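> Feature annotation from Swiss-Prot assigns compositional bias 'Basic and acidic residues' to 215-225, 765-783. The feature domain 'P/Homo B' is assigned by Swiss-Prot to 480-617. Residues or ranges marked as N-linked glycosylation site by Swiss-Prot on the basis of sequence analysis: Asn166, Asn174, Asn240, Asn510. The region 'Disordered' feature in Swiss-Prot is assigned to 195-228, 761-783. According to Swiss-Prot, the signal peptide annotation covers 1-36. Annotation comment: Swiss-Prot describes 141-666 as topological domain 'Extracellular', evidence class sequence analysis. Residues or ranges marked as topological domain 'Cytoplasmic' by Swiss-Prot on the basis of sequence analysis: 688-783. Among the features that Swiss-Prot reports, transmembrane segment is placed at 667-687.
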Amino acid sequence: MPKGRQKVPRLDARLGLPICLCLELAIFFLVPQVMGLTEAGGLDTLGAGGLSWAVHLDSLEGERKEESLIQQANAVAQAAGLVNAGRIGELQGHYLFVQPAGHGQAMEAEAMRQQAEAVLAKHEAVRWHSEQRLLKRAKRSIHFNDPKYPQQWHLNNRRSPGRDINVTGVWERNVTGRGVTVVVVDDGVEHTVQDIAPNYSPEGSYDLNSNDPDPMPHPDEENGNHHGTRCAGEIAAVPNNSFCAVGVAYGSRIAGIRVLDGPLTDSMEAVAFNKHYQINDIYSCSWGPDDDGKTVDGPHQLGKAALQHGVMAGRQGFGSIFVVASGNGGQHNDNCNYDGYANSIYTVTIGAVDEEGRMPFYAEECASMLAVTFSGGDKMLRSIVTTDWDLQKGTGCTEGHTGTSAAAPLAAGMIALMLQVRPCLTWRDVQHIIVFTATQYEDHRADWLTNEAGFSHSHQHGFGLLNAWRLVNAAKIWTSVPYLASYVSPMLKENKAVPRSPHSLEVLWNVSRTDLEMSGLKTLEHVAVTVSITHPRRGSLELKLFCPSGMMSLIGAPRSMDSDPNGFNDWTFSTVRCWGERARGVYRLVIRDVGDEPLQVGILQQWQLTLYGSTWSPVDIKDRQSLLESAMSGKYLHDDFTLPCPPGLKIPEEDGYSITPNTLKTLVLVGCFSVFWTIYYMLEVCLSQRSKASTHGCRRGCCPWPPQSQNSKEVGTALESMPLCSSKDLDGVDSEHGDCTTASSLLAPELLGEADWSLSQNSKSDLDCPPHQPPDLKDGQIC
């Protein structure tokens, strides 16, 4: 064999392959560990029981500062019998020294600890050092001792994770609705129930049915006046009291306005919508017109005015938040566009989905629905667990709350969480945040369409399912939208026939740039159409509105049970499906008769288009969408981050004040006391004057002058004629005619009325009293 060459073993030799495999495996496992020691991530490769020290070295000067520090750290670690595991995170000059492998015995470890401590304590390059100990940390989670909380799947669904409102993470960050008051406008709230009593707000409550401050529900024959109490429990039921359940905003205050347990008028509704509107922030209204599939109704003139006034003046000018349920007429083919409360631009219209995310049998659909949240569904699915009244057959807790009546309070509670982190959200800010953060939920019945601005909407689910985490994180960084801009078209006279399907009537209106210049309206929020249509069967009409982008809204759905022969008289339909789209362009209203009966043809008499929106441009909307998505990690959801809030307006609580019975009783008592004191004072004055007159009577022919009644003298009224002195009282004075001297005869003519002066002269004449000179008088006296 030539010198200098060695025999290399072949890979297929008997032991060659196993050796190579072992080497490769060793490299695979050991290299990452060795490399990991040079990074902060290498700390995870150390045994839990290994020794380690955090060491802060004195900083060095020079261009190669970092390299010098690493060399110094290696030297110090070696001197201490340790290994430099690398810099700790991004902290300059901070390094982790760890125990070398192979010193796992207790005695060896203790000896190494003492050696390391001695070296590090005396080394001149070490500024600070600390042996690392295992720290005990626990994930922050919410635990309640309320017995029914595990059954509140809508708050924390353990059976089907993700099918809930995603609120526990918000609670963990101490966002519970603190500082916010929600009022339930309903049939009363039993505020003495232990789940509600600690959070009850008497200042925000009132009973409009009995006209007193206490909204306590009254027992009824049907045992049905528990509705408001159940809704209140959903919002603010107190946690950790070992009773029933927990509210979604359990740190908020809850008030009640009792108005549905008796006759209801337009004026009562108006009072309810604005009652204590500087105390109450959110009005939860789980009621509306009959859900019978044939009613077209809503707030009347005063109710509409109160809603508008509430969003303008309520909550110190930021606007009251009105949350309304979309309705439970689904089994009657009803539609919430025929409900004026759900149709209003001033309300947050909330629908329902069941535990599986499907539209329940009772739920209504409409183009004005903003969002949905959870409620009960079919009998096989769970309903909402909440507080109940304990009157009559109630136990204080129920597992059977359902309907959109149960969905609206959940939305109100989530809005309370939003207002805690951002109290200055306006009523339109709340609507915008819902639109921007609601999540699309799969349902085969949902007709999801994405509009020009990128928002997806369905007539069944609105913009989607409310998510408390997304709502609160968005609210935390939200800056207010621009002012509300609007455009109203002229009243468009048509008088055109409505043909039967498949034909249709189509009318157009073009909104130009010039039309929008004055208001500055650029992008849409709500679009409203007011129509007057005659038709022998109202339920056979179908109305669709197309925005300039082509987005279709079914604003008037056919209803099989609506046989009203009067059609529509200035009824306003609205849609939110064009939210964020450009306002300028051609709007198309398409109407057709889908009935199968040979009836008289309907007539579109007139219609009017109203646009609501803001000066935001499409680019502004895109930027806001991006900003909100960046906040969904929760990085801003802490107390150290707060955007400044503008001060609210100082608005009086109410223009008028309803006098309560207790106040009236107090006023009556005060009035009676005032009358008594007045009479007493008058008697006292009268008696004192008589006593004075008897004490200071005519002495030596002289009497006090002038008389006590100065008012009579000043205004020139006649004084009653009365003798000033008798002949017996005069001392050294001619008294021949003294008994006929009267006050009226002694007064100057200018102090008497004409009749009194004549009377004075006549009485002198009748008595034939000759004039005589008065005696010498002291000042202020006559005789």
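Yeah, the Cβs are placed from backbone N, Cα and C, and that goes for glycine too.
Remember, predicted model here, so these are calculated numbers, not experimental data.
How about a rundown of where these features are and what they're close to?
Assigned with DSSP, the residues of the compositional bias 'Basic and acidic residues' (215-225) fall into helix, strand and coil as follows: 0 helix, 0 strand, 11 coil.
In three-state terms derived from DSSP, Asn166 (N-linked glycosylation site) belongs to neither a helical nor a strand segment and is classed as coil. Same-chain residues at least 6 positions away in sequence with a Cβ under 8 Å from that of Asn166 (N-linked glycosylation site) are, in sequence order, Asn467, Ala468, Trp469, Arg470.
Under DSSP, Asn174 (N-linked glycosylation site) is assigned to coil, being neither helix nor strand in the three-state scheme.
Mapped onto three states, the DSSP output places Asn240 (N-linked glycosylation site) in coil.
Asn510 (N-linked glycosylation site) is surrounded by 11 other CB atoms, counting those within 10 A of its CB over all protein chains shown.
Tertiary proximity for the region 'Disordered' (195-228) is limited to same-chain residues at least six positions away from its ends with a CB under 8 Å from its CB atoms, namely 181, 183-184, 186-189, 236-238, 241, 243-245, 247, 250-262, 268, 271-272, 275-276, 279-280, 286, 387-389, 391-394, 396-398, 405, 658, 660-661.
When averaged over the topological domain 'Extracellular' (141-666), pLDDT in the model lands at 94.
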> What are the DSSP helix/strand/coil residue counts across the domain 'P/Homo B' (480-617)?
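Its residues divide into 8 helix, 73 strand, 57 coil.
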> Around the C-beta of Asn174 (N-linked glycosylation site), how many further C-beta atoms are within 10 angstroms, looking at every protein chain?
13
> Measure from the Cβ of Asn240 (N-linked glycosylation site) and count the other Cβ atoms within 10 Å, all protein chains considered.
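Summing over all protein chains shown, Asn240 (N-linked glycosylation site) has 13 other Cβ atoms within 10 Å.
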